[in-house]
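First up is the structure itself, then whatever we jot down about it.
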Amino acid sequence: MTFQASHRSAWGKSRKKNWQYEGPTQKLFLKRNNVSAPDGPSDPSISVSSEQSGAQQPPALQVERIVDKRKNKKGKTEYLVRWKGYDSEDDTWEPEQHLVNCEEYIHDFNRRHTEKQKESTLTRTNRTSPNNARKQISRSTNSNFSKTSPKALVIGKDHESKNSQLFAASQKFRKNTAPSLSSRKNMDLAKSGIKILVPKSPVKSRTAVDGFQSESPEKLDPVEQGQEDTVAPEVAAEKPVGALLGPGAERARMGSRPRIHPLVPQVPGPVTAAMATGLAVNGKGTSPFMDALTANGTTNIQTSVTGVTASKRKFIDDRRDQPFDKRLRFSVRQTESAYRYRDIVVRKQDGFTHILLSTKSSENNSLNPEVMREVQSALSTAAADDSKLVLLSAVGSVFCCGLDFIYFIRRLTDDRKRESTKMAEAIRNFVNTFIQFKKPIIVAVNGPAIGLGASILPLCDVVWANEKAWFQTPYTTFGQSPDGCSTVMFPKIMGGASANEMLLSGRKLTAQEACGKGLVSQVFWPGTFTQEVMVRIKELASCNPVVLEESKALVRCNMKMELEQANERECEVLKKIWGSAQGMDSMLKYLQRKIDEF
């Protein structure tokens, strides 16, 4: 086959000459007219075209191999040809159609190119593989040890026996390394003096990072969970305060909180007032429903802590570069008083105190008298120390689900009137703590706020909400009257019509709707919620504490007495409802509906 084309030759790339391609398979021959070719290899088997037979014939150029491949501006494939007998400076780019008789060279180049790509991919994989990194470290360590160890030069039977024993011991140690790590996680820390509390999310579902601990720790990767459940060395070295608590409370304080029970126990059949036999008469009877509550309750369910290894203990400064919501999986206990808290986490920050709801005695950060007392204690401590303000948030994807009705019903079966009085008194003291607190209270609502969890928000000074949060006060559905001074504050901030719609019909408000009605100050995007909150909190904490406190006093001076009176009225009504058979029946019906929904 003969093909004519105009290209830059291998001898003069700036001069255009006619190249003629012909010859047997796997050969590419170039002939330059009227120019003598440099010395090079020739092939006597090459035939010359008839029109060139009379002229002086330069030696034919033979393809040695294909060096590279590219696409030209027109999208056509070109190959970089290495000519036999010439160096790399004389390589030329040839179109694919010029190499029709050189298919074997092209196939060989494509094969080598594919193998190089596979090798490069394998190399990158090996470089990024942690197992490979460990193997390389192990190899380098062993090689260095063999080079530097003087004992490697000793030869003898005694030495061999010693080396074999040492090798067997080392192999045994390596085999037992992994089980020792897992067994170390189950060790009992009660005797070690190390006091830790690792709060976990009370919500089972795992969601995206949308605020303060929006991910459930139970569903995190084991590696990630192990990294987050660490304790700073300052915590491990602190003085034990186990004497302050009883044995049960000590175990509960140190324990983790697996969510092995549903929000309400499964009870076959409908729940009616008839099931609570004796409740309507003297409040001391029992029922199958209450037996199920007692058997399946989660109040006293605690387990030992999973354990902490020394290698995982890092200073808190090492975590400054991590997102704030990740660092909330553990609490830094800097004072002995912080160890008293089981259902909340308290962090003393620079200029403010951070209180996080992380209930172990209830589900979904619900409020019972124990949780309320701990929040009150933390607020009292913050009021007396140098904190300029308080940040209130929650661990998990739920901010607060209101009152813990399972806790209430379990205790109302003993003495309904006495227990209803105690519970109403607990709510009254809890709400009064917010009313009388002199320093600013900032709330970061990362998820749903229901019942009392929503009604206390107007008692705080600033409320920032995650866009995924929502607000609802379905008191009529609960079978109870409003609480948390919502009968006064809701009409003031959103008007009578909207307040009645929330308090009577239980309308659910989105974060944007709550912001529009004045219940929420600002709404932030879930992905940057914690960052936005912390930036603003630090700005407030940099202000003069006297100015902050006096400014709040001026805003609340005309409302304090009115709120205390409203709180007193609401608690009296709650005590009356909870002490009646109708109120108990309504609460049981609500729990039955929750069971059916679950």
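Backbone N, Cα and C define each Cβ position, glycine as well.
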If you check Swiss-Prot for phosphoserine, which of S216, S287, S481 comes up?
S216
Annotated as phosphoserine in Swiss-Prot, from the list S149, S201, is S201
Which one of S6, S170, S337, S486 shows up in Swiss-Prot with the note phosphoserine?
S170
For the candidates S88, S183, S304, S358, I need the one that Swiss-Prot annotates as phosphoserine.
S88
The domain 'Chromo' (61-121): mean pLDDT?
82
